[in-house]
Amino acid sequence: MKLSLVAAVLLLLCAARAEEEDKKEDVGTVVGIDLGTTYSCVGVFKNGRVEIIANDQGNRITPSYVAFTPEGERLIGDAAKNQLTSNPENTVFDAKRLIGRTWNDPSVQQDIKFLPFKVVEKKTKPYIQVDIGGGQTKTFAPEEISAMVLTKMKETAEAYLGKKVTHAVVTVPAYFNDAQRQATKDAGTIAGLNVMRIINEPTAAAIAYGLDKREGEKNILVFDLGGGTFDVSLLTIDNGVFEVVATNGDTHLGGEDFDQRVMEHFIKLYKKKTGKDVRKDNRAVQKLRREVEKAKRALSSQHQARIEIESFYEGEDFSETLTRAKFEELNMDLFRSTMKPVQKVLEDSDLKKSDIDEIVLVGGSTRIPKIQQLVKEFFNGKEPSRGINPDEAVAYGAAVQAGVLSGDQDTGDLVLLDVCPLTLGIETVGGVMTKLIPRNTVVPTKKSQISSTASDNQPTVTIKVYEGERPLTKDNHLLGTFDLTGIPPAPRGVPQIEVTFEIDVNGILRVTAEDKGTGNKNKITITNDQNRLTPEEIERMVNDAEKFAEEDKRLKERIDTRNELESYAYSLKNQIGDKEKLGGKLSSEDKETMEKAVEEKIEWLESHQDADIEDFKAKKKELEEIVQPIISKLYGSAGPPPTGEEDTSERDEL
């Protein structure tokens, strides 16, 4: 494997060098852009090192916001975000949550409930409708909004370099599907940029990390939790060669979701205290959004933050305190959910926790102390690397890759190998999924297979292209269909039809079928015309495949879940009975409540050894819901102590 990988890398290098020699004069300086959900960042490889470029406000990260003022002026970046509260209906953000998705996508429908601007359906896609001044309304595709942000990043780089920029490397979440990648490339084109590469954000972060650590083989886990997306990737770095071994994540989890939970909490609280529903006033909601985000940032370094808003709603002021403990309680399920993709990535790459050499935290949300604690505990106390600014790491890596494409000699022999997230194949007789490219195969890649006709004198074969992990195509996702016609009459099994799958560096799939006898060919390119899978569907398919492949895995999971509940209950019981721990700190009323809840669960366990996984989880959740408020109240702003939950709930067997 290693020899073939190195050989492939050398070939890639030679080809890339030769190709880039031809292009070098055309491309000029290639920039690296991290096009984020909430913030974007641009970097360039110059004089042997990466420069992250500050914008006209002196900030190294720029809000991914676009606004249209009543006077007809368009604002991008800081200026747009700064007037959000006074002009919420015409200030557009979160375009990355909509890009490459269809109108009916459940996540789009969920999102538009919370966005202050109008999202409408057009050509089965979500479009953004704003007032552009002078009483005129206009609709924009998400790609156009992203293009405006990319234009801002392009201008930022041009001001710094003193020359035109025409080529870029742009990053996307590893779990972005084909339609989302294609739409991101389109946004670049609209912005006047030739997007030479779309690379995965965690991969870019690992490049940033790996530049100065090239000796020997290392397993790197990149945990990337940003404003709107979450990605986990496992990479191996071997003497400058990067290979993405596995990826997982959620394109719909990030800092904004944490903000949303806090906002909903305060909106309910305000309604309870005053009887008034703030949701009716878009401006008040956006004021709250801005202040909640500030408070969240403050809680990364302090234990409580005040939220003060003058003339918040109907002339009344708003004044509340948010403690770190409350912030964590409101988001605990979301925080914990970040561990599942970490576990999945380890399983997919056949590695144990102890095999991970470095953990890299990327994205502003990894500054949250609880997230850092959960990651550290999951890896049995291993400290994550802190050498990279989490906001800039992705742009840094993109700039290094841009340096490689510019033909910059100082990047050395850096090579980047990405993977496809799902198995790709064709349907053969009986509805069988014949796999050509297994999931987690390094891309770019090309695989061919010879098939034949199923009946005598068959003049046409239909090639159906699928992605998914199940053995039958009916359970997988159809990407596209095409026919190869004009096959000369022959007995079944005689014609030789060569089917070739080719995935390029941007993860875009081309399928070709050729009749070897006549040289007759046909092909299909799977781009965003066909709606590719959502990450939820990808996850469901992978889970389904595993579930149907081995029922005993389900049994093991049931046992693990039962053990989790049992360990949690007994750990609490021991702590309640220990005067040095919880026992000495609880009021008699709280102690009685907790003891009763714990005993109930222990008794239930004894009589329900064969209950379902869901039952065990539900019982654990019930217990958590009783225990956590008591612990939070007890420890107030200092945050809860370890209640045994942290020790047990992530105790995965590998």
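Backbone N, Cα and C atoms are what each Cβ position is placed from, and that goes for glycine too.
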- Item | Which listed span Swiss-Prot calls region 'Interdomain linker', if the choices are 299-309, 409-419, 618-628 | 409-419
- Task: Kindly point out the range from 227-230, 259-262, 651-654 that Swiss-Prot annotates with motif 'Prevents secretion from ER'.
- Result: 651-654
- Query: Which one of these stretches, 517-539, 632-654, shows up in Swiss-Prot as region 'Disordered'?
  - Reply: 632-654
- Note on the structure: Counting other C-beta atoms within 10 angstroms, the emptiest spot among the recorded positions LYS294, ARG297, LYS352, LYS585, LYS591 is LYS352
- Segment-level pLDDT (mean, integer) for the motif 'Prevents secretion from ER' (651-654): 30
- Give the residue from the recorded positions SER300, THR366, THR518 that has the most other Cβ atoms within 10 Å of its Cβ, counting over every protein chain displayed. THR366
- Cβ density check for LYS353 (SUMO1 cross-link), other Cβ within 10 Å (all protein chains) comes to 16
- Message: Tell me the Cα distance separating SER300 (ATP binding site) from THR518 (O-AMP-threonine), rounded to the nearest angstrom.
- Response: 67
- Note on the structure: Here the Cα-Cα span from TYR39 (ATP binding site) to LYS585 (N6,N6-dimethyllysine), rounded to a whole number of angstrom, reaches 44
- Query: Who sits close to GLY228 (ATP binding site): which same-chain residues at least 6 apart have their Cβ under 8 Å from its Cβ?
  - Reply: GLY36, THR37, THR38, ASP94, LYS96, ARG97, HIS252, LEU253, GLY254, GLY255, GLU256, ASP257
- For GLY36 (ATP binding site), the number of other Cβ atoms found within 10 Å of its own Cβ: 27
- Item | Close recorded positions near LYS294 (ATP binding site), where close means Cα within 10 Å, chosen from LYS352, LYS353, LYS585, LYS591 | none
